[in-house]
Each structure stands twice: as C-alpha cells, then as structure tokens.
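> Got a structure for you, questions after.
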Ligand SMILES: O=C(O)Cc1cc(O)ccc1O
Ligand SMILES: [Fe+2]
C-alpha cells in the first residue's frame, strides 16, 4: 500500500490550508459581500451559522462557518433513540464502567465486516472523560462493508473525529462538499457536520479519535522554524457541492450521536443542500505521505513528539488531551545510539495502531496492521527482546526504517479506560503480549570486577 498519494490524480478538487478562512460557492454570487445574513440571501437560500467554538472564544481560537443552503438544518422531525448504541455507549454509571487497568494491552487485527455501514460499523474500544462534559476522548475502530443508505446522513455532537483509514477508500459527502479519503490519508470531521460515507472500493477499516473538547491544531515548531512536520498548506478541504433531492415522498434519515448514544430523525429533503459556505470550521483531509519527518543527525533517540501531526492541547501548555503522532519511513543515522524506541514509562497514555508494514520496536511480531496496543499511564513498555538484541548488535550504518510502513499513536494526558467490548467482547486481546515481548529480556549486568551479578 502506498504511503504517499499526493501525485495521484483525484476525483474531487480541494482548497488548501489548515484552519484558515475559506469561502466556496457551487453557484456564483451565493455568498453575500461584506455581510453574513442579508434579508434575502442570493438565489432564495437560507443563511445559517455553524459555531465550532463559543461566540466569545478568543479571536485566534474562534471557529465558525456560514452556510447558504436550500432548507435550514433544523427542518427535521424530533429524534428517537436508535438501537445500535450499545457498541458506542461510553461506560457511564448506567452502562458499567471503564476498565481502568495498568496492563499493557495488544489487540490482534480487527476484522473487516462486509455487513456494516458507517453508522453501525463503529466500536468504542477505549477512552477517557465524558462527551457530555466536553472533556476527554473516545478511541473507536470501524469496519464497514456497505455504503450508507443514499438518503442517510450522520453527525456527532460529541466531538471532532480524526479518522485514520487503514484499509479501503471512503467517499464522503459532507455539507461542505465531497472528500475522497484514500489509503495513507486521514480525515477530520468537526463536531456537528453532517456526512454520508460511501465505499467506492469495497470494505474499509480504520481507527477514530473523537475529541470531546476543543479542536485539533498544528503543533508549535519552536526552534524547527517555519516549515516541517505537517505543513499547513498540505491540508485539503472540500469545495461547495450540493444535491437537489426534494421530491415528494423522499424520506431522509438523520442519525445523531449525542453523549455516546445514537438517535434518529426524519426529513423530507437532502441535508447536502449547501450551495455556498465561508469560514474556518470545515472538514479536511491530510495525506500522511506529505509529512516532513525530522530526526537526529548526530546521536540518541529523540522523543516521538517530533512526529506530531496534530495536537489537541489541555489547559496546561504542552500537555495534550490528544496528540496524533505518526511513525513514517525515515533514515536513522544516530552514532553510538540504541536506535529503536527507548524503554519507557510515561505519565501520558499511549494508544497505538498500525496502518501498514512493521513497527521498529516490535520486530518480534504481534503488532500488526489493523491491530492496536495500549500502554497506559506509567505502564512500562519498549522494544521486544528480539528488537533489543538486534539493535544492540547492529552495525550503525545509516539505515532506512519503516519503508512502506506507517504506525501511529494517540497520546493522551488522561488515563485511558477500556470498554467491555474492547477488553472482552471483541475477542482480539492477545493474552501473551507481555510474555512474547519482554519475558525474553535477560540481565546482562557484569560488575566491573568481573563477578556476575546473578
Ligand atoms: O513505541 C512507543 O511506545 C512510542 C514511542 C516511540 C518512540 O520513538 C519513543 C518513545 C515512545 O514512547
Ligand atoms: Fe512509549
């Protein structure tokens, strides 16, 4: 699977730029000049605002969009509960509790599912906090084999979803236009935006980080300077596109995720009726092959924060509710250096997934594409015994690691709990993870006087 797509022709066109002001219209002269809500918007449209932050959020954090649409988003029936929620339900008092355990966990690859569509193909595996309190994150896996019904749309009121595609292609219709998400790309759909997922190329699978508070941002670059890591100009957002589907008898289903539960409403027209939009709150994608990877050119193993694509900061500067970090193919040249990830205990929790290939801390196997691992707060981890042996003896020539591979990490300052589905029902947790990885690590200590320590 290619990790770089950026030269491949695309079905859709996009606007470039991260968290920047854009405007896009499918019909000329849709967006009013120098105002937002004229008495009579152009072409008989309605003006509607979508707020991604509080009205009074600081100017540099404020995110909003104005949509010029055929019928306002409120024109639907009231919501009824939809009975798929047990998979997604956050473990609250009414629904059991998070399993908060210090065990190192590893999951074998999650299965493809040719029966599920987007709405019923998502499973909450782990997370922290509470969507209702707008604090924390949800970690989900998805496996889908069917396009959503044509007259269906989905949104989540719980947070912004960062979707890491592991397999297949997602053809996403959103209120802001269309986005094709291809292997090696990630897709961010902010809170509240309605979308439909079609599968043009068979089943799809991947991971979702749902962020209950704030929004993703590019990390500061500090002494790195002006460019590097994920460059803002390489993010892509859709151009306005709309459907006209208002015939009598058309019934659309609108599915909402709200505080971890699913609800369903009906409406007689398409929700994808936005003829023009403007603002800085919109869905976007990013091709991980565009990442400008940094590393040491002298010695020692830098912290993986140098591989941060996007970050969602907590109130404490430098401490993230969620960082999205990748491990792309890269050259290792460190002299007198143990080159794989160091042995480690972290005050943060580390959930990792594998898009393709092999991860350089686990050549002993078991961490596989479509699988995952969780090293919680202060749970010790690091290279398996085989990786340690090989890396401590390897000649330190420049080597390229991770060719054709891409692992990633969701790192959070919160303790990450595991759902009942994630720990038991999915049946993917590897019982022998510790044994296979670290029991083979033997002491090699020798006292300087030559006597063996044990
Ligand atoms: O594999 C891990 O645990 C992630 C990780 C990678 C790395 O290069 C350094 C530290 C770290 O936690
Ligand atoms: Fe780690």
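Note that Cβ sites are derived from N, Cα and C of the backbone, with glycine treated the same way.
So TrEMBL says this about it:
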DOMAIN    13-288  domain 'Homogentisate 1,2-dioxygenase N-terminal'
DOMAIN    290-445  domain 'Homogentisate 1,2-dioxygenase C-terminal'
ACT_SITE  301  active site, proton acceptor
BINDING   344, 350, 381  Fe cation binding site
BINDING   359, 381  homogentisate binding site
> Cβ-Cβ under 8 Å from residue 301 (active site, proton acceptor), same chain, 6 or more residues apart: which ones?
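When sequence neighbours closer than 6 are ignored, residue 301 (active site, proton acceptor) has 334, 337, 338, 339, 340, 341, 342 within Cβ distance under 8 Å.
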> Under 6 Å from ligand 2 by C-beta, which of these recorded positions make it: 301, 344, 350? Sequence order, please.
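Only 344, 350 meet the Cβ criterion.
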> Any idea what DSSP makes of residue 301 (active site, proton acceptor), helix, strand or coil?
coil
> Roughly how many Å lie between the Cα atoms of residue 381 (Fe cation binding site) and residue 359 (homogentisate binding site), rounded to a whole value?
14
> My understanding is the cutoff is Cβ-Cβ under 8 Å with a sequence separation of 6 or more in the same chain; which residues meet that for residue 350 (Fe cation binding site)?
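In sequence order, 373, 374, 375, 376, 381, 409, 410, 411 meet the Cβ cut-off.
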> Fewest other C-beta atoms within 10 angstroms of its own C-beta: which of the binding-site residues 344, 381 fits that?
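Output over binding-site residues 344, 381: least Cβ neighbours within 10 Å is 344.
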> Sorted by position, what residues of the same chain at least six away from residue 359 (homogentisate binding site) have a C-beta under 8 A from it?
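Same-chain residues close to residue 359 (homogentisate binding site) (Cβ under 8 Å, separated by 6 or more) are 327, 352, 367, 402, 405, 407.
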